[in-house]
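Asker: Handing you this structure, nothing more for now.
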Amino acid sequence: MQVPLIRLQCGVNSYDWGKVGKASAAARFAAASETDDFSIEEEKPYAELWMGTHPKMPSKDMKTQRSLVDLVQDNHALMSTEITSKYGGKLPFLFKVLSIEKVLSIQAHPNKKLAEQLHAKDPKNYPDDNHKPEMTIAITPFEGLCGFRPLPEIAHFLQSIPPLRRLVGEDKAKSFEEVASEAKDDGAGKKALREAFTSLMNGAADSLASASKELVALAESQGSQFAGGGGSSNEGQELADLVTRLNGEFPGDIGLFVLFFLNFVKLEPGEAMFLQADDIHAYISGDIIECMASSDNVVRAGFTPKFKDVSTLTSMLTYSYGSIEEQKMEPAPYAHVVLNAKAYSSNSSATLYDPPIEEFSVIKTELKKSEAKATFDPIAGPSIIICTSGEGTVSVGPKQETVKPGYVFFVGATAECVIESTGEDPLIAFQAFCELGSKSQL
Ligand SMILES: [Zn+2]
C-alpha cells in the first residue's frame, strides 16, 4: 500500500494585487516545487498559491503529476470514507498563501443558501455553490479592513469628514448619528448601519469623483488632525497616510470612503482572524496563510477592476459591528502532539487555530532548534502541510521527505506524522486539516 505522505506541486495565480517577482512568498513557494516549466518572472505579480482539490487549480502529486482530486477519489482512505462521502470526494478546505502588494477588493463571501442562489443565477461570476468562511494567519506583518467599526466611531467620521457625510447624505447621516449615540438595541444599530452604508455605496459616480478629490486633499493637508484626529485611538495620521496610499492604487475609488466604516486591522506574524460568511473585508498588505471552505465565491464592491455587485453586497451583509478584537482569534496550544525534550528546551510550539466551523482547523508548528521534533497523533481526516521557513524532514511510517520553505505535503487520514528540524533556523510549518465531529460548537 502507498504510504499516505505525498509531496504536492501547487499552482500560483497572477492577480495584479500580488507582490511582484521574488518578493512574493506565493511565487517563491511555487518555485520550490522545482518543475522545469515554472520560473519566477521579475516583473510579474504573484498573488495566491493554492493547495487543495479546487477544480480551478488542483494540486498534483509532484512525482507522478497525477491530480490530487484523482488520488483522493481513487483511494477513499486518504480522506476517510466519512469525509469523502460528505464532501463529494473533494477536500473540504482550500489552503492558500497570499502575498499582497496592493489592496484586494472590498468583498464578502456568501453563506451556503445565498451561494446556491447566486451560482444558479450567474455561474460565471459565482463559480461555486458553496459558502466560504475564511481564516487568515499572518506570516509577515499584515494590514486589512475587516468588519464594521463600532457605531460611535463611524458617527465621529461622519462629523469630521465633510465629503464622507455628503456621499452618505445629510438625512441618512443624521439618523445614523441619533441611533449611534444611544444604540443599546443591536437591531436598531444594524438597521441604521445598513441604511447609511447602502446610501454610501449607491452614491452617484460624479459626486464620488469630486468627493474623493476633496478627501485626498484633506488627508494631505491635515496630517494628524485628519478625520478629527482619527477614531478611538488617535489614528489621524495613519488614516491620512492610508487614504493617500490607497488613492495611489485605486484613484477616486469608493473604497477610500468605505474604510471609515470598517475596522483597520494589523496582525503580527502568528496572529489570526476568522471571517464568517457575509462578513465584509478587504486585505491591504502582507503575506498570509489563508484557509477557507473549498469555494471561490466572492461578492465585490470596490478596489477592483473585476465584476462588482454592489446591490448583492449591501443586501447580504450581517451588519455586525464592533471592535476588531472580537474578530481576532485566540490560538491555543495544540494538545495532540508530543514535542521532544530538545524541542521543549528551545521554546518550540504547536499552536491550534480552531474556527467554529467543521471544514478546517490549522496547526502552526515552530521548531526552534536542530533536532527539535514534533510527533502528531493520527488525525481522522486529511491534512495539507506547508513549510514557510527553516529546514528539516517530515515522516509518515517508513517514508521520510526533506522539508524546505515552500514544500507542500498531503498527509492521509489516520497517518502518524513526524516533523523534525535539521537546520539552525527555526522550522515553521502550517498544517490544515479536517476532522469530523471534533468540534464542540457544532
Ligand atoms: Zn475574502
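Cβ atoms here come from the backbone N, Cα and C positions, even for glycine.
Grabbed the feature section from TrEMBL, which reads as follows:
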DOMAIN    5-151  domain 'Phosphomannose isomerase type I catalytic'
BINDING   Q107, H109, E134, H281  Zn(2+) binding site
DOMAIN    167-262  domain 'Phosphomannose isomerase type I helical insertion'
ACT_SITE  R300  active site
DOMAIN    352-397  domain 'Phosphomannose isomerase type I C-terminal'
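Locate each feature and note its surroundings.
Answerer: Per-residue confidence over the domain 'Phosphomannose isomerase type I catalytic' (5-151) averages out at a pLDDT of 92.
Sequence-distant contacts of E134 (Zn(2+) binding site), defined by Cβ-Cβ distance under 8 angstroms and a gap of at least six in the same chain, are H109, F274, L275, E290, C291, M292, A293. In the three-state DSSP classification, E134 (Zn(2+) binding site) falls within a strand.
Its own atom aside, the Cβ of R300 (active site) has 21 Cβ atoms within 10 angstroms in the protein chains shown.
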Asker: Quick check: which same-chain residues outside Q107, H109, E134, H281 lie with their CB within 8 A of the centre of the Zn(2+) site CB atoms?
Answerer: A108, K132, L275, D279, I280, V298
Asker: State the Cα to Cα distance, in Å, between R300 (active site) and Q107 (Zn(2+) binding site), rounded to an integer.
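Answerer: About 4 Å separates the two Cα atoms.
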Asker: Mind checking how the domain 'Phosphomannose isomerase type I helical insertion' (167-262) divides into helix, strand and coil residues in DSSP?
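Answerer: Here the numbers are 74 helix, 1 strand, 21 coil.
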Asker: DSSP secondary structure for Q107 (Zn(2+) binding site), reduced to helix/strand/coil, please.
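Answerer: Strand, per DSSP.
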Asker: Non-local Cβ contacts of Q107 (Zn(2+) binding site) (under 8 Å, 6 or more apart, same chain)?
Answerer: I280, H281, A282, V298, V299, R300, A301, L313
